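Reading through the C-alpha cells given below for one structure.
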Amino acid sequence: MISGKFFAAGADRRIAITIAILVAVAIVVPILNLALPPDSALHVPSYMVALTGKYLCYALLALSLDLVWGYCGILSLGHGAFFALGGYAMGMYLMRQIGDRGVYGNPLLPDFMVFLNYKELPWFWHGFDQFWFAALMVMLVPGLLAFVFGWFAFRSRVTGVYLSIITQAMTYALLLAFFRNDMGLGGNNGLTDFKDIFGFSVQANTTRSALFAASALALALGVFVTWRIVGSKYGKLLMAVRDAESRTRFLGWRAENVKLFAFTLSAVMAGIAGALYVPQVGIINPGEFDPANSIEVVVWTAVGGRATIVGPIVGALLVNAGKSWFTGALPELWLFALGGLFVAVTLFLPKGIVGTWDQWRARSRHRAAPDEADGDAGSEEEVVVRVEPRPAAQLKPPHGGLAPQPAE
Amino acid sequence: MGRSAALTVLAFLLTFLAAFISPASADEAALRATIAKFAQAKNFQATESVVKELAAAGDPAVEKPLAALAEGDLYVRKSDAAVFIGRESGQAVKLADPLTGAEAGEAAKSEVTKVRVNNSLRRAIREALGSLTLGAEDPAARLAAAQTMFRTPDPDAIEALDAAIAKEGVASVKTALEQARAAAALASDLPEADKLAAIQVVAARGDRDALSLLTGFQARAEGPQKEAAAAAISTINSSLAIWAAGQNVWYGISLGSVLLLAAIGLAITFGVMGVINMAHGEMVMLGAYTTYVVQNVIRTSAPNLFDWSLAIALPLAFLVAAAVGFAIERGIIRFLYGRPLETLLATWGVSLILQQAVRTVFGPTNREVGNPSWMSGAFELGQLSITWNRLWILCFALAVFFVLLFVMKKTPWGLQMRAVTANRRMASSMGIRTPWVDALTFALGSGIAGIAGVALSQIDNVSPNLGQGYIIDSFMVVVFGGVGNLWGTLVGAFSLGVLNKFLEPYAGAVLGKILVLVLIILFIQKRPRGLFALKGRAVEA
C-alpha cells in the first residue's frame, strides 16, 4: 500500500496548504479592504468581501455534507435545513439586538411580532439576547434535530435513497412550518433589518471584514476537524460503513452509532455555517429550507469531489462564482447550466474535480515509477470484476473473499 | 267601504278557487281588473296588497307584470289610468301589455308615472313569484319555488301550500312542499300539535337551512316546543357531522386520486425499476403543457372540437412524455444503473433543464387550460357537493391504475418487465433484451406521468413549477405504499389523501401537511419498506 501512504502524505500536505491559505486570507483580505485606499490596485472592494464571505459559508456547508455523503455514504438532501436552523438562531440574536430601534420602537418585541399583535415574547425567544446562548443554540438546535432524526432513521436501518427522500421531506416540512406566521419566527418574511452584532453595525466595513475573517477561520477549523476525524480510527470505520455496512455490522460494530455521530457533527457544522451566513447577507427567511437549495449543496460537493476534503470547498466556490456570473450576465441560462452541471458531473466526472485530479496524478506517477508500481499498487488496480464468463476454476477469487459488493 | 272590501275578499276567494281548480283558466278579465288597481295604489302598502292579490290568482301569466314591477318597469298612463310594462328609450317609454307583452305604442315620459317600489315590496314580489311557480308545469320550477318558500317562511302561504301539496304528484317535490309548509307553520300561530309535527318534518330534512330555521324557532319558542326543537337540532347536528365526515372523505379521496395520478408513473420508474427519477414532476408538467398546446390549436382551428380536447391531448401527452423519458433513459440513466444517488442528482439536473426550457418557450406565467363542458359544474348527493372534474379525475385515476395493473400482470411486456426487475441476468440469458425493456419501462412510467398531467391541468395552475409541487408527495406515496407494489401505491395515495383532509380542519392546511410528512417519516422508521413490502431474505434489499 505504498500508494496509499503516498496519498496520505499528499493529502496531509494539501490539508495543511488549505488551512494555511484560509488563515492567510482571513488576515490579508480584511487588511486589503480596510487599510488600502479604494483607488489602490490591491484594494478589495467591500462587496467582494461580503460575497466571498458568503461563499466561504457555503463551502463550510458543502464540507459538512461531504463528511456524511463522501465519507459515510449518507446522501442528505436536507442539509440546507440545518444551515437554515443555525441561521435562524443567529437571526433571533440579531433581532433581539435591534432593541427599540425598530419601526415600532418596541424595546422587547421585534417588529413583526408587534405587527402580528403579539403581547409578549414567545418562550423560545428568551435567552437570545445573550450571544453565548444564541451561539449554543446555533450548534444545539441543528445538532439535536440531526441526532433525533438520525437516531430514528439509522436505528431502523433506513438507508440509501429512502434516507435521501425522508431528509428531503424533513426540510420540506420545515419549509412549510417556517412559512407560517404562527411559528413566531417572522413567517414569510423571515428575520431581517438587523442593526448590529456585538454592538458593531452589521453594515460597517470593519464588521463585514471581521465576519469574513470569522468565516474563513471557521472553514479552516472545519477542514481541520474533518481531516482529523477522517484520518482517525473512527474515520476508517466511517468509510467501512459507507462501503459495506452489513459487513461492518457483522464484524461487531454498531453501524448506526457510527453514522449518528457523523450526521450530528455534520449538522452542527452546517448550523455554524448558517449562523455566519446570516449577518453577512442580512436576512434569513424560510426560502433557505427549500429542498432545491439542499440539492444544490450536493452538486457543489459533487463538482469538487466527494470524499476529498478540499473538493467541496473548491466546488462550492466555483459553482457559486459561476452562479453569480450567470445570474448577472445570462439569467435565462443559469438553470440550464446548473442542470447540465448535475448531469455532466454524474456522467463524466463522478469523482469531481479534485478526485479526478488525484486519479490523473496517481496514474502519471504510476507511469513514471514502474518498478515501484510492480508491487502492490499495480495489482490493486488490476483487480477488476470481469463480466465475461471465465472457467469455473477461476471464478473463485484467490483469497476466498468476494469482491466488495456495493451497498445499495 | 265595507261593501267593496267584502267584494275584494270574494273576488280573492273566487280567483283562488279558480286557480285551485285549474290555473290555466283563470279569468283574464279578473286579472286585468286586479292589475288596474296598481293605478289606484297610493302607497307601498296598497301596492303590496295588490301584489298579494295577483299572486293569489295563481296564474303563471301574472309573472310578467310582477317581474316588471320588481324591476321598476311598470307604468300607469295618466290619461286613462291603464297599466303597462314600459321600457325607457330616450324621452319616450315603449309600452307593452302587462299580461301578453304585446306592443302598445309609445308615450312621452311626462304622460306616464312609474309604479314605485321599495325593498320590502321587492321582497313581497319575490315571495309572490315563488308561490306563483308552485303551480308551474315544470317539476323543477315547483321544487325551486318550494325551496325558496322554505327559506323565507310566510304563515300566509300555508293555504296555498296545502293546496299545492294536495295536487302534487311528484314525490320529491311533495316532500319539499311539505317542508316548506312546516317552515311556514313554525312561523305561524297554529296550535302546538301542528308545530310539533312541523318540527319533525323540518328535522327530517336535516340540512343547514333546517338547522338555522329550527335555531331561530327555538329562540322564540317555549315549553315542549322548545324541547322538541332542541332535540331536533341535536339530531340534525349529529347527522350533519356525519355528512361533514363524508364530505371530508370525498375531499380526501379526491386528493388521493390526484396523488395516485401523480405517483403512479413513479411507481413504475421508482417502484419497479428502482430508478430515482427526480424529473418525474416535469413529465407531469409536460403533459399539462401538451394539453395547453392542444387546446390552443383547437381554439384557433376547430372550436367545435373543444369538448374533445382532453381526449385528443391524452395520447399526445403520453407520447411526448414517453419520448422525453425514453431519451433520458437512453442518454443518461442507463449509464447510472446501480448508482441510485447519482441517478437522483442527474435526474434533478434534467428536471431543472426541462423547467427552464418550458419557461423559455411558454413564459414563466400560468397558462390557462379550459374545462370542457362535461367537466364543469357540480352536483349534490345528499349533503355532499361533488364537482364533476374531481369525479372524472377519480374515475380516470382508477382507470389508469387498472390498465397499468393489467399491463404489468397480464401482458408479455409486463412479464418481461417483472422478469428484468427480479433477476436481470437470468432474464437476459432467457433472451430478453434487458436494455430495451429498461428503456420501454421508463418510457411507460414517464408517459403515464404525462397523462396525469392532462388530468392535473384541469385542477391546477399550468406553470413551469407544476411538477415541483408533486414530486415530494409522489415519493411519499410510493415509499409509504411500498416500493415495487402497485396496490401499495393505490392504498398509499388514498390513505394519505384522506388523512390529510381529516387533519386539515383541526390543524389547518399547512400544519396538516406537515403532520402528514412527520407521520410518514415516523412510519418509514417503523416499516422502512412501506406498507406492502416485498418479502425477501436479503440483508440489503
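Every residue, even glycine, has its Cβ placed from backbone N, Cα and C.
All TrEMBL annotations are machine predictions without curation.
Listed in TrEMBL for this protein:
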- A:371-382: compositional bias 'Acidic residues' (COMPBIAS)
- A:366-408: region 'Disordered' (REGION)
- A:15-36: transmembrane segment (TRANSMEM)
- A:42-61: transmembrane segment (TRANSMEM)
- A:68-90: transmembrane segment (TRANSMEM)
- A:131-154: transmembrane segment (TRANSMEM)
- A:161-179: transmembrane segment (TRANSMEM)
- A:210-230: transmembrane segment (TRANSMEM)
- A:258-278: transmembrane segment (TRANSMEM)
- A:298-321: transmembrane segment (TRANSMEM)
- A:333-354: transmembrane segment (TRANSMEM)
Sequence-distant contacts of the transmembrane segment (A:15-36), meaning Cβ under 8 Å and at least 6 residues beyond its ends, amount to 42-46, 48-49, 52, 205-206, 208-210, 212-214, 216-217, 219-220, 223-224, 227, 309-310, 313
| field | seg_contact(the transmembrane segment (A:161-179), the transmembrane segment (A:258-278)) with at least 3 CB pairs under 8 angstroms, min sep 6 | value | no
Counting only residues at least 6 beyond its ends, the same-chain positions whose CB falls under 8 A of a CB in the transmembrane segment (A:131-154) are 81-83, 85-86, 89-90, 92-93, 163, 166-167, 170, 198, 255-256, 259-260, 263-268, 270-272, 274-275
Ranking A:42-61, A:68-90, A:258-278, A:298-321 by Cβ pairs under 8 Å to the transmembrane segment (A:210-230) puts first A:42-61
Lying 6 or more residues past either end of the transmembrane segment (A:68-90) yet within Cβ distance under 8 Å of it, the residues of that chain are 61, 128, 134, 137-139, 141-142, 145-146, 160-161, 163-165, 167-168, 170-171, 174, 178, 185, 191, 230, 235, 238-239, 241-243, 245, 258-259, 262-263, 266-268, 270-279, 284, 286, 288-291, 293-295, 297-298, 301, 306-308, 311-312, 407
